[in-house]
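Here the structure comes first, spelled out in structure tokens, and everything after it is commentary.
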Amino acid sequence: MLRAIFLLSLLFALSNASVQDFCVANLKRAETPAGYPCIRPIHVKATDFVFSGLGTPGNTTNIISAAVTPAFVAQFPGLNGLGLSTARLDLAPKGVIPMHTHPGASEVLYVLDGSITAGFVSSANAVYVQTLKPGQVMIFPQGLLHFQINAGKSSAAAVVTFNSANPGLQILDFALFANSLPTELVVGTTFLDATTVKKLKGVLGGTG
């Protein structure tokens, strides 16, 4: 009997979830693994489903000469619960989005301006690289290492979308050299010499 009641309550909950149109995030509440709690529908406004931040180029004055302007739930509450997020990429000449991975999502990149060389490495170490022009799209499968580099002499821009509200991000260079992982362990696991490792830690702010 208890099992039947549990199954019925579960089905009822799922049926309610399936007919819920949206769940605009209540950013004043704590985030959970399922996302943010919803604000009450009576308080939802049209502006909760609009984000204007991708129309403004990001500041590329930094070590990678690139900028990422996110439109995740924290910036765009209407995305909550929809399994989507987006961002704008800006790359100055010689700008680069270093080799990185999104553990929680696949990515679609759409080039707006300029020329961008992008690519990814499969789990079999096969390399897929293409130089993209405005209007072209490239996909990066979930969890695979990938990168974007400005391939032209002028600024480049793109919009990326993810099939997750929280795609996650780990940049390979930062994971190795921008933390406190001891130099001898980095040397032992990368085959780089200690001088090079210490230099890169100094550039990226790492210790150890």
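Cβ atoms here come from the backbone N, Cα and C positions, even for glycine.
Here TrEMBL flags 1-17 as signal peptide.
Every protein chain shown contributes to the tally, and the Cβ of C23 (disulfide bond) ends up with 21 other Cβ atoms within 10 Å. Residues or ranges marked as disulfide bond by TrEMBL: C23-C38.
Per TrEMBL, the feature domain 'Cupin type-1' maps to 52-198. Over the domain 'Cupin type-1' (52-198) the predicted model carries a mean pLDDT of 94.
The feature Mn(2+) binding site is assigned by TrEMBL to H100, H102, E107, H146. Residues near E107 (Mn(2+) binding site) in space but far in sequence (CB under 8 A, at least 6 apart, same chain), listed by position: I139, F140, H146, V160, T161, F162, P167.
Annotated oxalate binding site per TrEMBL: H102, E107, in sequence order.
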Around the Mn(2+) site (H100, H102, E107, H146), what further same-chain residues have their C-beta within 8 angstroms of the site's C-beta centre?
T101, F120, F140, L144, L145, P167, L169
Using DSSP, tally how many residues of the domain 'Cupin type-1' (52-198) sit in helix, strand and coil.
25 helix, 57 strand, 65 coil
If we count other C-beta atoms within 10 Å, could you say which of the binding-site residues H100, H102, H146 has the fewest?
H100
